[in-house]
């Protein structure tokens, strides 16, 4: 008997993705995707780490102005992933977005390399002779520099959110009973491999810049970015490329508009509501959830004749939305408080320029008998080493051991991990303040109060604990937040989920700039404040204590947000599994 045309078409549609899943995607694509982001991170982080020194020496910007420029650049770099995620999910698709972004990053790095190669595009060298004033950078010179920063930010905005989601697309398989564990492991190892790239940036690239100069130090990242784009495009035939949906933000705006238009509508009782809400035929949601119930008015059918056409579809999508649209907006609104708690940790991590100046003023030898000095810009490697070590230990030792002891798979709830990371971030700032107090006190006792360029007789290894704590905090909260967003959001919002942590870092850098300037202005006594170009004259220990206090308040804020959020998707699923397991055990006992 011949199938009706619509059933045949449906069967072909179902079979097509299954065939694609067998022939494309999988672990084979991981080296190309991770290599693309890895090389991008080596290039961009390698440029960032020493950039404050480049701005102060070659462009003659003061510490506060130079750091403010870097705060804004990093903020733009971390904000652009939201734009990239929107374009990816709604218009371009993840593959094309990554290709365009790689080209933008490459152009930005070439322009930055040109600022080092061409003397006329930056201030002339400062000659230290009597009566000679050093010229400042002109508007056109700064414009070229900022153009390079902007192109790099645009590139990062397309690569970073899409690479993570694009990689997850290659592995995500709902038919696999271990799908959750595969994705959790993927997120951890993805961050670990990205962190290896950052580690290379903090060591190799920084070393090259310190010893071979800016021309080679900026040229190598450009070459790496070219290699990153080539490798990604080379593997194009192997990728699973999901189709884009309609504009996500348009759909969210329609929910807000429809809910407002029908704000006076009385919602049906819960037990009578199944047929009162508008949904598409292939939707699994028969009715919206009870949380943020006022948004349910957007998908409530008030008058079938006025709201629906003869084909059963909405006549006006700005007045009647689907249940899926409503739940997407709810998912986004619901995570905002939890998302905001990660901002303070990102503010703490963004203080690397001050830590760079601290390291430059200290004894950076590995031991008193050693002649090798760790470059000041390379101390960030201890943060990355701590992050990688935790990922490996957690994934390969802690979880397997706990699962073996309990006799069943064990996972540490993502909300617990995020909270622990925020508390460790508070400890990191408390340690930073204590170490800086000791460093400054030692510098003054050695008569170096007015000489920030001399080395204080104190080992820079005292800075390692705070870097390690920052790494643990980021491993717990950073990876935890990304996993949290990805599992709580619908799959059509994967790139948005991957970009939210970066958006938090963007907001953090803007707030860090505000806090920095506020502390500098409010602490000024005469011509000296807590924030000075000469760190021996300033009081960076007091500044760190301000951040530590804010971090502790943030931990309390997180506890409140976590409690009010309620159970996560994983918690609900695990409760169901545990309930079924208990029922099976009871049946076995009865038999």
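Glycine is treated like the rest: Cβ placed from N, Cα and C.
Remember, predicted model here, so these are calculated numbers, not experimental data.
If you check Swiss-Prot, you get these features:
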- 68-88: transmembrane segment (TRANSMEM)
- 98-118: transmembrane segment (TRANSMEM)
- 139-159: transmembrane segment (TRANSMEM)
- 186-206: transmembrane segment (TRANSMEM)
- 216-236: transmembrane segment (TRANSMEM)
- 329-349: transmembrane segment (TRANSMEM)
- 374-394: transmembrane segment (TRANSMEM)
- 418-438: transmembrane segment (TRANSMEM)
- 460-480: transmembrane segment (TRANSMEM)
- 496-516: transmembrane segment (TRANSMEM)
- 543-563: transmembrane segment (TRANSMEM)
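The largest share of C-beta pairs under 8 angstroms with the transmembrane segment (496-516) comes from 329-349, of the ranges 98-118, 329-349, 460-480. Sequence-distant neighbours of the transmembrane segment (460-480) (same chain, 6+ residues past either end, Cβ-Cβ under 8 Å): 187-188, 191, 342, 345, 348-349, 355, 358-359, 362-364, 374, 376, 379-380, 382-387, 390-391, 394, 414-415, 417-418, 420-422, 424-425, 427-429, 431-432, 435, 438-439, 501.
If you look at the transmembrane segment (543-563), the same-chain residues 6 or more away from its ends with a CB under 8 A from one of its CBs are 337-338, 340-341, 344-345, 347-348, 351, 354, 415, 418-419, 422-423, 425-426, 429-430, 432-433, 436, 515-516, 519, 530-531.
Within the same chain, residues 44, 48, 51-52, 55, 61, 94, 97, 101, 149-150, 152-154, 156-162, 165, 244, 247-249, 350, 353, 495-496, 498-500, 502-510, 512-513, 516-517 sit at least 6 positions outside the transmembrane segment (68-88) and bring their C-beta atoms closer than 8 Å to a C-beta of that stretch.
Tallying C-beta pairs under 8 angstroms between the transmembrane segment (216-236) and each of 98-118, 139-159, 186-206, 329-349, 418-438 places 98-118 first. Residues of the same chain lying 6 or more positions beyond the ends of the transmembrane segment (418-438) and with a Cβ under 8 Å from any Cβ of it are 338, 341-342, 344-345, 348-349, 351, 355, 358, 458, 462-463, 465-466, 469-470, 472-478, 480-481, 484, 540-542, 544-545, 547-548, 551-552, 554-555, 558-559, 562. Long-range neighbours of the transmembrane segment (329-349) within the same chain, counting only residues 6 or more positions beyond its ends whose Cβ lies under 8 Å from a Cβ of the stretch, are 252, 255-256, 288-289, 291-292, 295, 383, 415, 418, 421-422, 425, 428-429, 470, 473-474, 477-478, 481, 484-485, 488-490, 493, 496, 500-501, 503-505, 507-509, 511-512, 515, 547, 550-551, 554, 557-558, 561-562, 564-565.
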